[in-house]
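Notes for the one structure printed next.
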């Protein structure tokens, strides 16, 4: 993430309606047109002197100088007609996304002025509609109309404009009460207070006070090699079902009927629900006929797990874990995935289990290892009979448990998985196999066992990384030798910038790192971006030991291990 540069930053503010621009008529608030005219009267949101001097159009405003060398100029585009956010549907959100697409090259960022009641839904939907964002899209609004004496609208709009104009945050965000949230992590938590929104399972991306604090490690990186893609084909036939104690199976059966194609089911605690056989049977029957069910906790914080038997039963019924997604994000994601053409049911389920736009935090291997859960879960799996329920449960849980066993170097558990007849090439949401994990951790005995079982030695995860590359980065010499002996090799993509990496290692006198790359088959004479090789860098730095090592390895190039 970087600061926006240039003397002028041009933004498009899309005014869709909402409380921020409403006026009182007959004792009730109604949508108010002409927001740009109202904003022109507010000095904190418009510098009239600058606008006159530069002959800006009536619908184009400019903020007072936020810094001595930069101005934020914004055009207000008012929707025709304005919408009450309670009436917003996918159709209106598609219109917003397409408006952003039409003006994408003209502006450095976008602010969407939206009603608060469905703003979290809108932010979630837009995050999935807008793929490969390279510019900020920030939603904001108000609890009190902007022309009222005591209104939060002025600060919210100003904050959204400043964040969109001063920082390159390539995400759909929501700005409210001095906090910038990832849009698909938000939910509305208060009907009246100005602090109306929260992000229960992810800290704010930025907090505004006397200073602006950016949580840079949380901001997603832009995909500069790809162009903006707007997904307007969203599936409208999705629903939200909240379980409650004693919910009748007949009610659930009625809800799950066609034309419904997907449902977000809010469950108790960490993903639990009633285990009554008739209810589980209705859920299983719906899943078997192709209805996709995503399990989200109705708790504000926390995530869906399978630590308890009721949660296990839900997984066994064919229900997909939503982990820590909000219901708003899960509903939007379901609509997006079901709207993608040409995908099989299995492909759609795999997409739902992946983190696509930063909407959920997937469990790490360490999470699976915590509290001795690995052994308990493996024992539970081994004790299950060969019923359809058991097979479904194993399909859900085995990938994560196999990776956890590889992480822990647990040969016994991995052998138990083999005895279950399971393929150890199975992958998690990020494309990692047990071999990736074992290679990264340096567990040579686990790597040897996996190779003996015939796993794919060159399997790549979603980042294009092979087990060999992970072993090189970890300087695990014994693992590198095992992988090379099994025929592993670094791909052209993995070797693309190897010259720069080798020069970096040489400058730091990192002999082990250089030896690892050589052991993996890399050419130590590869130049970096300016034509220097590792040996030249080591000589220039006066690293005699590194020079001697590199010369020795070059002399032994003919003896370098070759793939079989």
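Backbone N, Cα and C define each Cβ position, glycine as well.
In the three-state DSSP assignment, the secondary structure recorded for residue 19 (active site, acyl-ester intermediate) is helix. Sequence-distant contacts of residue 19 (active site, acyl-ester intermediate), defined as residues of its own chain at least six apart whose C-beta falls under 8 angstroms from its C-beta, comprise 29, 115, 116, 141, 142, 143, 144, 145, 153. Positions annotated as active site, acyl-ester intermediate by Swiss-Prot: 19.
Per Swiss-Prot, substrate binding site is recorded for 84, 85, 86, 116, 117. Spatially close to residue 86 (substrate binding site) yet at least six residues away along the chain are 115, 117, 118, judged by Cβ distances under 8 angstroms.
Residues annotated as domain 'Asparaginase/glutaminase' in Swiss-Prot, with sequence analysis given as evidence: 9-355. Taken together, the residues of the domain 'Asparaginase/glutaminase' (9-355) have an average pLDDT of 93.
Here Swiss-Prot flags 478 as phosphoserine, drawing on similarity to another entry. In sequence order, 442, 444 make up the list of same-chain residues 6 or more apart from residue 478 (phosphoserine) whose Cβ falls under 8 Å from its Cβ.
Swiss-Prot lists 41-350 with the feature region 'Asparaginase'.
Panel annotation: around the repeat 'ANK 1' (141-170), residues 1-4, 9, 11, 13, 18-24, 29, 32, 35, 38-39, 42, 44-45, 63, 66-67, 70, 72, 74, 85, 108-111, 113-116, 119, 133-135, 176-178, 180, 192-194, 196, 205-206, 208, 212, 214, 219-222 of the same chain, lying at least six beyond its termini, place a Cβ under 8 Å from a Cβ of the stretch. Feature annotation from Swiss-Prot assigns repeat 'ANK 1' to 141-170.
The feature repeat 'ANK 2' is assigned by Swiss-Prot to 396-426.
Annotated repeat 'ANK 3' per Swiss-Prot: 430-459, in sequence order.
Taken through DSSP, the repeat 'ANK 4' (463-492) splits into 16 helix, 0 strand, 14 coil. The repeat 'ANK 4' annotation in Swiss-Prot covers 463-492.
Taking DSSP states H, G and I as helix and E and B as strand, the repeat 'ANK 5' (530-559) has 23 helix, 0 strand, 7 coil. Feature annotation from Swiss-Prot assigns repeat 'ANK 5' to 530-559.
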Review point. Would you list the DSSP helix, strand and coil counts for the residues of the repeat 'ANK 1' (141-170)?
Key: 14 helix, 2 strand, 14 coil
Practice item. Please determine which of the binding-site residues listed here (85, 116) has the lowest count of neighbouring CB atoms within 10 Å. Key: 85
Exercise for review: Sort out the residues at least 6 away from either end of the repeat 'ANK 4' (463-492), same chain, that have Cβ-Cβ distances under 8 Å to it, and list them.
Suggested key: 430-431, 433, 435-436, 438-444, 447-448, 451, 457, 498, 512-513, 515-517, 519-522, 561-564
Review point. Applying the rule Cβ within 8 Å of the centroid of the Cβ atoms of 84, 85, 86, 116, 117, what extra residues of the same chain belong around the substrate site?
Key: 18, 19, 87, 88, 115, 118, 119
